[in-house]
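For reference, the structure discussed in these notes is given below.
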Amino acid sequence: MTNPSGHNLPANSVAESYEGEFGCTLMDLRKLMELRAADAVTQISAHYGSVQEICARLKTSPVEGLSGNPADLEKRRLVFGKNMIPPKKPKTFLELVWEALQDVTLIILEIAAIISLVLSFYRPPGGENEICGHIVSNPEEDEEGETGWIEGAAILASVIIVVFVTAFNDWSKEKQFRGLQSRIELEQKFSIIRNGQLIQLPVAEIVVGDIAQVKYGDLLPADGILIQGNDLKIDESSLTGESDHVKKTLDKDPMLLSGTHVMEGSGRMVVTAVGINSQTGIIFTLLGANEEEDDEKKKKGKKQGVSENRNKAKTQDGVALEIQPLNSQEGLDSEEKEKKASKGPKKEKSVLQGKLTRLAVQIGKAGLIMSILTVLILILYFVVDNFVIQRRAWLPECTPVYIQYFVKFFIIGVTVLVVAVPEGLPLAVTISLAYSVKKMMKDNNLVRHLDACETMGNATAICSDKTGTLTMNRMTVVQAYIGGTHYRQIPKPDDLPPNVLDLIVNSICINSAYTSKILPPEKEGGLPRQVGNKTECGLLGFVTDLKQDYQAVRSEMPEEKLFKVYTFNSVRKSMSTVIRKPEGGFRVFSKGASEIMLRKCDRILNKEGGIVPFKTKDRDNMVRNVIEPMASEGLRTIGIAYRDFDGEEPSWENENEIFTGLVCIAVVGIEDPVRPEVPDAINKCKRAGITVRMVTGDNVNTARAIATKCGILTPGDDFLCLEGKEFNRLIRNEKGEVEQEKLDKVWPRLRVLARSSPTDKHTLVKGIIDSNIGEQRQVVAVTGDGTNDGPALKKADVGFAMGIAGTDVAKEASDIILTDDNFTSIVKAVMWGRNVYDSISKFLQFQLTVNVVAVIVAFSGACITQDSPLKAVQMLWVNLIMDTFASLALATEPPTDSLLRRRPYGRNKPLISRTMMKNILGHAVYQLGIVFLLVFAGDKLFDIDSGRKAPLNSPPSQHYTIVFNTFVLMQLFNEINSRKIHGEKNVFAGVYRNIIFCSVVLGTFFCQILIVEVGGKPFSCTNLTMEQWMWCLFIGIGELLWGQVISAIPTKSLKFLKEAGHGSDKEEISKDAEGLEEIDHAEMELRRGQILWVRGLNRIQTQIRVVKVFHSFRDVIHKSKNQVSIHSFMTQPEYAADDEMSQSFLNQEESPSLASKSRITKRLSDAETVSQNNTNNNAVDCHQVQIVASHPNSPLQSQETPV
């Protein structure tokens, strides 16, 4: 077998010399990992003997792991490679410059500027101006006339500056997004055993020979072989396309592959392949090679099928066969289909993007119409004036001069469009989001999808988990019911009969994940550290409080000796472990929710430690007198029980039979204190108009008590607290289908959903989002930590995954990761989201004022004076101010607490409120009045020569310089006004906290002074006197005074004002719209979202361009995810075989018949899961039962959530 790309294998002599020290080579391990199931078992047995022998050859211990010696680790990296997939090579700066030059508007400006430049050197024969009319400068100004080329050159220079600024911006943005991705990579760690210690190691540092601890919810970071496992089931659909979960056992299928998800159980594996040598890495390498070949073919203009490349890959080595499920179709047709499929089904845009798209299209249309009218009127004016009124003949020698005039008109028209179209919007969005994302990291929010940031600003509802989010996730047993006695404090060991104490200790120590541990405190006098499942840590702490050593018990009964483990899942809602008794027979330890466990018990231990009957009446009394009082104090109640099998070995698949007739040992009450900062955070949410709902698996009384402590419920409230069963009864019809009408009667009053499953959470979230009751449709945020929370996290407008307690599966489904698992971080995300929304609105208010004034001035000037008072280069400068600098200044305003004192904007509230419209029109009136006054009377007011109707190549005039200077200074001071959009009087509030804003305003003012005083002919400016400067400055400051006048006018009194920028319920872009350009969509995403701001949109195809900008920006961060480590590689949608299916399932509503079938499948799945084979991999073999399972991404699919 050959390596698909030569650089993949360490080929240097050092690596080769080290390779001999290990009992197997890199190629041996790669060949082994290509095998599956029985083939793999046979190969291991024939060539290595056993998995333990492989560990011996790799010089690692199955129990202790590697020693962690740096020299040994480096040797392994040399021989077997690093656990890293090389990122795609970034584009060079010159490539980015070339990309920026492709913009249609810039090309038009370049061509027009070049024509203007060439024609400016032409003079009509005879040297008399009258030949072609009064279109060139007077004879005495011939020297000045010789410099007519400067305007064309200045436009070219402006284009070059724009191109370089664009390229630099693109480069810096890509660098920033790569930095964000590397931060996400660093956050990804995996449990590795080194030197006998379980440590969390960054994924990139894993080497071949490491012993990895695998648990449910993990995304496997490398290939490996199972050493020991408990009920381990893997979702391999990302590699094989198989939706059914694969059970992994030592004797049937021990091969674990990178990029696959652990859906159930736990175990240990020895790492055998990492990085580009793992199965995922090999696929990545092959696909990358094909992409390069395709790119080369495109460059050469060849039109050959990609199937040829794939066939070559298959003949190169057998590894290519592993990726067949990813490419089931062949030939040209399949490639076309795959390209379309990779774009996925209709993508729903975020609320802000939808509103911006509609607004930008409207503005773009208006700008296009105005620019066309401007050019037509200028041409008509010129033609009528010269050839009709003055009756001149069109002379051949004057044609270049006329063309030069037409080019000038055309340039004016293009510059009107440059100013009119809001190409600064993408930059404002990008800067605001990038700034917010960077700052949100400090507030413990790791944003994975940029648009989730602004969506949080619209959130109207938050469905939060309880454990770890609202509470501290530090479990402590504070009460217990043992042997008929309710202990309000932890009992002393002497108070308990010896046999009862032994049963409590053994049941807790053995029947819990061996990864759950209590470690010494990091600081002297601190609390012991809890590692692993926090509920189990609380129980182990109870054992420690009873003065017992749980490690000693586990040493006597190591994990390898456990006969069988029934891991926790949402169907069982309990965990059980089977062990062999020394005297023969079996003992089953079981723990779970107290009500569920008590129903399975028919006997109980008494005070003396004897076993007595436990009748229904006794159970009811226990619930009433023990469990409910514990729950009302906010304690989680866990039941512990056991059962002995002394006779014939039972059928371990029949769980219903095994888990009946249990003996109740104890019921414990576990306290998980509410985080001290949570009540205040929930009060902030209430004040901000956000409803907080708690969704938990706990007892309804426990949930109600915690909700009251948090402030979700207050005494006297008329709100609902429901259990999952009651919730489903209320919302489903006789057929078991969810009815939206019924759900709409429940969710507005629902505040607590207890004893809920992940399916219930998904149903609730979907129901709230799909509901149409009320003025505004709901925007829902959801928190989740379990594998099963994936569907709800995907369905929610914003999904929050827990960074500490969350599984990899939950994190991959989320939009934002809470690095501290704290609810207050969600409130901070709301604040940042609203700040993004306000930043965009501030920028819009500013930009639309400039748009309205500049377009009307250019249009009116063209119609009346046959010239625009603002020249092309000046317009480009104004555009640079209002686009680049203004977006930088207004999009980086820090958030304030005042953002949380108003209600959410909602989905349908317009971007431009009536107050903003008042501000826009009010300031436009002031600016237009001043500009027109200066244009038509400025020469008299300042006693200077008029600049109106100047000849074609005349020198700059003081008159029009004052117009330009005043116009820019008015925009500068209006930028300060634009800091407030809700009618606030003090526009300077907090301005000194925003250093960027102050720097931009002062920097722009300084540049304006240089342009006027030094810019000269290229900027059509001439020097101004100090008095003229003072007047310009005074008029500019007048903007601030005028702003106070506008804010004093009540908005309600202006009935004629309309709102703008409304959002529809669901903004969608169809596949047809996506396919308008044949350029690779993934390549366009980063380019469009980041480049369009400076170089301008395509003014000819404004509508299409603007729609595509905001659509592609939704996924801009995905382009930046150059896979640094293998851990995140398989999360990329283009490599997920079932992506389209899963997305369509989540995004489209089910038809009643489909929903019914899904539920039938779910019931079958649940029923058969209970009876399936759960034998521990180290125990006796049993018959395997086929499971009828729904799709892994289905909302109805049930996986596990911790107790």
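Every residue gets a Cβ built from N, Cα and C, even glycine.
Residue annotated by Swiss-Prot as phosphoserine (from the set S243, S350, S1070, S1153): S1070.
Placement of M255 and E975 with respect to the membrane, taken from Swiss-Prot, is on a common side.
In Swiss-Prot, the annotation phosphoserine falls on S334, out of S334, S342, S651. Within the list S328, S898, S978, S1120, the entry that Swiss-Prot describes as phosphoserine is S328.
As annotated in Swiss-Prot, phosphoserine applies, among S307, S1064, to S1064. Taking only the Cα positions, the spacing between D789 (Mg(2+) binding site) and D465 (active site, 4-aspartylphosphate intermediate) is 10 angstrom.
For the topological domain 'Cytoplasmic' (892-911), the number of residues in each DSSP class (helix H, G, I; strand E, B; coil) is 5 helix, 0 strand, 15 coil. A Cα-Cα distance of 8 Å separates D785 (Mg(2+) binding site) from D465 (active site, 4-aspartylphosphate intermediate). Below 8 angstroms of C-beta separation, residues 838, 841-843, 845-846, 849, 886, 889-890, 893-894, 896, 913, 915-916, 919, 923, 1001, 1039-1040, 1043-1044, 1047, 1051 of the same chain, each at least six residues beyond the ends of the topological domain 'Cytoplasmic' (975-993), sit close to that stretch.
Less than 8 angstroms from the CB of D465 (active site, 4-aspartylphosphate intermediate) sit M694, V695, T696, T783, G784, D785, M802, each of them six or more residues away in the same chain. DSSP assigns D789 (Mg(2+) binding site) to a helix in the three-state reduction.
Residue counts for the topological domain 'Cytoplasmic' (975-993) by DSSP state, with H, G and I taken as helix and E and B as strand, are 6 helix, 0 strand, 13 coil. Restricting the average to the region 'Calmodulin-binding subdomain A' (1086-1103) gives a pLDDT of 35. Beyond the ends of the topological domain 'Cytoplasmic' (892-911), by six or more residues, the same chain brings 351-352, 355-356, 359, 431-432, 435, 439, 457-460, 684, 687-690, 775-777, 779, 827, 830-832, 834-835, 837-842, 844, 979, 990, 993-994, 996-997, 1059-1065 to within a C-beta distance below 8 angstroms of the stretch. DSSP classifies D465 (active site, 4-aspartylphosphate intermediate) as coil under the three-state reduction.
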